[in-house]
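Below you'll find the structure, written out as structure tokens, and then a few comments.
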Amino acid sequence: MARLHTDCNQISGRHRRTIYNDTLVSNRSLNNRLLQSQSLVRATVAALERIDIIQLPYITALTAVSAIRLYAIDYAIIAVFFAVVIGIGIVASRSAGESSAEFFLGGRGMPWWLLGISMVACTFSADTPNLVTGMVRENGVSKNWAWWAFLITGMVTVFIYAKLWRRSHVMTDLEFYELRYGGKPASFLRGFRSIYLGVFFNILIMASVTLAVIKYGSLMFGIEKWECVLYGSLGVVIYATLGGLKGCIWADFFQYGIAMFGAVYAAVVSLGEAAKSAAERAVEDGTIASDQVAEFTSNYSMADLLKEANVADKIQILPDFSDPSQWVPLLFIPVAVQWWSVWYPGAEPGGGGYIAQRMLAAKDEKNAIGATLLFNFAHYALRPWPWIVVALASLVCFPGLADIQSAFPHVNESVIAQDIAYPAMISKLKPGFLGIVIASIIAAYMSTIGTHLNWGSSYVVNDFYKRFIRPDATEKDLVLKGRISTVTLMVFAGCLSLVLTSATEAFNILLLSGAGSGAIYLLRWFWWRINAWSEIFAMVVSAIFAFWLVLFVDDSATTWGPIDGFTGKLLISVAATTVAWLVGTFVTKPESNATLRSFFRRCHPGGPGWAKVVAEARADGDMIDEKIHGQAWEMPVQILCVFLGCVAIYCSLFTIGGIVYGKTVQATVLGVIALVSTFCLFKLFGRLRTE
């Protein structure tokens, strides 16, 4: 789920709600104790000659899904994986304990490539492949626009806000409140959100992610829920507690490589499994003779997969523009409204949360920009296609839910959902490679949890403990409290995951509670009139509307034409919250001159929104714009970079899709456009000022 919360954090209307519900329904079923597995393992001795490996004992895990054999080599691979990530934490602990800046920001000296991979890894959860698989099986490849549409948010962060975050030199994005605003309202915002986001919200997110691990563990290994939580969290708690952010980032780098290799290999194997299923069906239909199966499967290609009856109507990359119910919520609402109006941790307009944490950890502004650019390219263009291939292949192996139920008869009907096709497909992997793919799933979980642990701990320590409890705390004390809070957050998240049955309403409320406030996070950098009360008004009004709309208003009352009920609620909340914070801004006093000038002097965002403050400061002899005086405002160039970045990444996405689909001409043309756009982008990028 939680990459759910990073991959689909701002998904509109029915599509977003469906994604959450699809995942939550399957997770919820785990808590009904309908999957009482057989014994965890049954030791037996056998030979591995058939895979050309020396004789080793293997262990058969009797599960509720199927008898999935894990050989000694699989366990060895998983053990080595755990050893490496724990080793990373031990090595990183040498510097992580020196100061809070080392523990929470890696000493502010991290390179772009490492931070970029870490950003991708921390938005890659154990349930993300399940999520994409469920979307493709249910509504086709085009349903991925539910999150692909938010590339514009990422590009705005890359070229406009990344360098500003790094320039602010704060420890967390919550510390920014007392840089940009002043007085008690700013202190309240920082303190309240440190507990709300760092503790309560963070624990709910981690508990939801852990539910995915419980699902994998219960289905594939037949182990109890508490065992899933213990085994899944032990390694990540060790390296996150010892190594801090640096340990998490290096572990992310290693884990992302494992995760992507596992995803690509799973896609390759899935194509072979689809060939076997197609051959079996062809023999049954009399299309081929039984002695032609080997030839049929060896010649089976991606082109053949795309022609399968169950697959052909699922492969369209773009939504159906003749059907407003498809393109309006998937493309129009996200592009016209959501990217700038909706706030959600991990995909805040203008950056924030753990993405901002990594920008703040960069060695300089260029590295902050490079990291977020790499993240968006890998996140949108590279990562989805292996999962999409598995999803399409699963439609041949398991055309419907009844086929999954038939293949895995021990699974209760309440558990069977479209997203379960992904673990069903990877259960077909061979020894050794099965261990790698299982390690990749564990890696995806760890990267997410490690990120949330360090991020939440930074809020608790820097924005609550140090700010309000012990302002004079030593660096060693802050690091110690960071490690204690890391373990504590994981304990509470693990406990909640054991009892969490349905978080649908809670997530809908959280999603709507950020509707309408996104514009503040974009404008506060460039308009002096935004004050702390603007954010307080937005926070209060959006929360009120969120509770009212989710708990007391039926979806049918907010359904208008192609606008489904949840999207209608979102638009209502956006409108009400926007009006509220604008009114609140103008009925309250602006921030003091001292606060505004201090902020501009450090971040110097420039632009007409600060003209009044700069003019008054210069009249007083305070040259707050000394670093940018006489220089043209960069915003027009930055907006052009945003446009070129979107073109380059979308064309890269479609190019890879063209290669997968065997559309050579399309892939070539789009690839050329992507290259030209990238060339122009880097030419323009050189014109941007960085420090």
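Using N, Cα and C of the backbone, Cβ positions are placed for all residues, glycine too.
Copied from TrEMBL, the annotated features are:
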TRANSMEM  72-92  transmembrane segment
TRANSMEM  112-133  transmembrane segment
TRANSMEM  145-164  transmembrane segment
TRANSMEM  195-216  transmembrane segment
TRANSMEM  228-247  transmembrane segment
TRANSMEM  253-271  transmembrane segment
TRANSMEM  385-402  transmembrane segment
TRANSMEM  433-457  transmembrane segment
TRANSMEM  478-500  transmembrane segment
TRANSMEM  530-550  transmembrane segment
TRANSMEM  570-588  transmembrane segment
TRANSMEM  637-661  transmembrane segment
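The transmembrane segment (195-216) shares the most Cβ pairs under 8 Å with 112-133, out of the stretches 72-92, 112-133, 145-164, 253-271, 385-402. In summary, the transmembrane segment (228-247) lies against the transmembrane segment (478-500): three or more C-beta pairs, each 6 or more positions apart in sequence, are under 8 Å. Counting Cβ pairs under 8 Å to the transmembrane segment (253-271), the stretch among 112-133, 433-457, 530-550, 570-588, 637-661 with the most such contacts is 433-457. Across the candidate stretches 72-92, 478-500, 530-550, 637-661, the maximum count of CB pairs under 8 A to the transmembrane segment (145-164) is reached by 637-661.
At the 8 Å Cβ threshold, with sequence separation of at least 6, the transmembrane segment (72-92) comes into contact with the transmembrane segment (433-457) through 3 or more pairs. Beyond its flanks by at least six residues, the transmembrane segment (637-661) meets 141, 148, 151-152, 155-156, 158-160, 302, 306, 315, 317, 373, 376-377, 380-382, 384-385, 388-389, 667-668, 670-671, 673-674, 677-678, 680-681, 684-685, 687-688 of its own chain at Cβ-Cβ distances under 8 Å.
For the transmembrane segment (478-500), the list of distant contacts is 27, 31, 96-100, 102-104, 199, 202-204, 206-208, 210-211, 214, 225-226, 229-230, 233, 236-237, 240-242, 244, 449, 452-454, 456-458, 460-462, 465-466: same-chain residues at least six beyond its ends, Cβ to Cβ under 8 Å. Beyond the transmembrane segment (433-457), the same-chain residues lying 6 or more positions past its ends with a Cβ under 8 Å from any Cβ of the stretch are 2-3, 68, 70-71, 73-78, 81, 85, 104, 118, 121-126, 128-129, 197-199, 202-203, 205-206, 209-210, 212-213, 216, 220, 232-233, 235-237, 239-241, 244-245, 247-248, 251-252, 254-256, 258-263, 265-266, 269, 353-354, 357, 426, 482-483, 485-486, 489-490, 493.
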